[in-house]
Amino acid sequence: MENWGKLSHMFVTVFLSNFADLMLSPAIPDVTLGAIAGVGSVIMMPLIGNLSDAYGRKALLTIPMVLATIPSVILAWKRTPNFFYAYYVIKTLTSMVTEGGVVCLALAYLADNVSEGKRVSAFGILSGVVSASFLGGTLAARLLPTNQIFQVSAAVSITAMIYMIVFLKDTTRITDALEQPILKVTESDEDGCKASKKIDFVKNIPSPKDIFRLLRSSIKFSLAAFVAFFNSLAEAGLQSCLLYFLKARFHFKKDQFADVLLIAYIGATVSNMVFMPTLGPRIGEETLLSLGMFAGFLNMFLDSIAWAAWVPYASASTGFFLFLSSPNLRSIISKQVGPNEQGLAQGCILGITAFANIISPLIYSPLSALVLSDDAPFHFQADRLLSEYSDKVSSSILKKRSQKHGPRGGLNPSSS
């Protein structure tokens, strides 16, 4: 793969960052924190992505990397009630940037350094790195004593930040020679330059109108955004209620549910890091996306009709293809915009998926509680899972339509 040296530093940075964050998730689960962070991500992801188009990927990546170290350092220092309160407040605020910010900038960085023909391989490896960090973080949280989890997480987070600053090389940006100053800036021009920089910064803040125009820049981009929304809506709904469904149906405990997730993520790690780089450039993103969507159908369908306790474990084996959807969608979207709009495009899609993750529990949790209660309208405990299956079908139909349209387009918000 081209530019492997530069890309490997980004992969290491993403792995260490996610590993440190996911270590804390089993130790301190909190739904409210995730919901508030999701609302912030809807706004922050397009902003961070667009600013990275103007000021560079590494400069913007430094922000979430630094912010991610603060919460873990607080609990690594002391775990008294006051420190826990400080952790929750700071974690809620920083998660608006850190949750999705690193992945958004990593995707844009890969698009800058990899040609379109090999981009699906790079995005697949990045997705595999994220899955591997989930496995490593979950296993570390299980094996380490509770009082050491926060210290190890803080150390890994700081290591990731230092590694990124030292080794990661920023993307080389090609600018028009006519835009370069002919003469050196003098002291009398210093104030004017500062004012100009402030104006440029304001222009690089995308408005809802800019985002709407980007989504309409091509039919394929619009349909891919709809696919990403419905796919995230279904996956977030499944994750929010599957534990309760398995507990009600087969008396599953958290450890058994964690084993199901581990099986799925082991398959995702192997498929994304081996299967996609090998076959992705040959068969294309659309075919792999279809395979991933079908695996999602099969996974939800088997869970919905599970007749024995071993069925959820068997359905988790579809994780080998289940997580192919997201990286292939990202690759398709990256090809619909220009090189100076990669950050904004990836940020918009991550904002859309964050919005889907917010509203999904609001839709499916009441339905799940109704179906699993004694007052259910009819005796079918898998009704809610099949409704998520219908969301997957809807996104698949939109994906099929997107394959018929391929016009390229883009938008630079600063020019609007």
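Including glycine, each Cβ sits where the backbone N, Cα and C put it.
Among the features that TrEMBL reports, transmembrane segment is placed at 7-25 (among others).
Per TrEMBL, the feature transmembrane segment maps to 31-52 (among others). Among residues of the same chain six or more beyond the transmembrane segment (31-52), those with a C-beta under 8 A of the stretch's C-beta atoms are 59-61, 63-64, 88, 91-93, 95-97, 99-101, 104-105, 108, 204-206, 211, 342-348, 350-351, 354-355, 357-358, 361, 413.
The transmembrane segment annotation in TrEMBL covers 59-77 (among others).
Taking Cβ pairs closer than 8 Å, the transmembrane segment (83-110) reaches residues 7, 10, 13-14, 17-18, 21, 28, 30, 33-34, 36-41, 43-45, 48-49, 52-53, 57, 60-61, 63-65, 67-68, 70-71, 74-75, 77, 119, 122-123, 126, 130, 171, 330, 334, 342-343, 346-347, 350, 354 in its own chain, all 6 or more past its ends. Annotation comment: TrEMBL describes 83-110 (among others) as transmembrane segment.
If you look up TrEMBL, you'll see 122-143 (among others) marked as transmembrane segment.
TrEMBL lists 149-168 (among others) with the feature transmembrane segment.
Per TrEMBL, the feature transmembrane segment maps to 257-276 (among others). Long-range contacts of the transmembrane segment (257-276) within the same chain, counting only residues at least 6 positions beyond its ends with a Cβ under 8 Å from a Cβ of the stretch, are 26, 120-121, 123-125, 127-129, 131-132, 134-135, 138, 142, 242-243, 246-247, 288, 312-313, 316-324, 327-328.
Sequence-distant contacts of the transmembrane segment (313-332) (same chain, at least 6 residues past either end, Cβ-Cβ under 8 Å): 107, 119-120, 123-124, 126-127, 131, 220, 224, 227-228, 231, 259-261, 263-268, 270-272, 275-276, 280, 285-286, 288-289, 291-296, 298-299, 302-303, 306, 346, 349, 402. Marked as transmembrane segment by TrEMBL: 313-332 (among others).
If you look up TrEMBL, you'll see 344-364 (among others) marked as transmembrane segment.
What TrEMBL records for 395-416 is region 'Disordered'.
Residues annotated as compositional bias 'Basic residues' in TrEMBL: 398-407.
The transmembrane segment (7-25) shares more Cβ pairs under 8 Å with 149-168 than with any other stretch in the list 59-77, 149-168, 344-364. Within the chain, the transmembrane segment (344-364) has long-range Cβ neighbours (under 8 A, six or more residues past its boundaries) at 31, 35, 38-39, 41-43, 45-50, 53, 99-100, 103-104, 107-108, 111, 206, 211, 214-215, 221, 224-225, 228-230, 232-234, 236-237, 240-241, 329-330, 333-334, 336-337, 384, 387-388, 410, 413.
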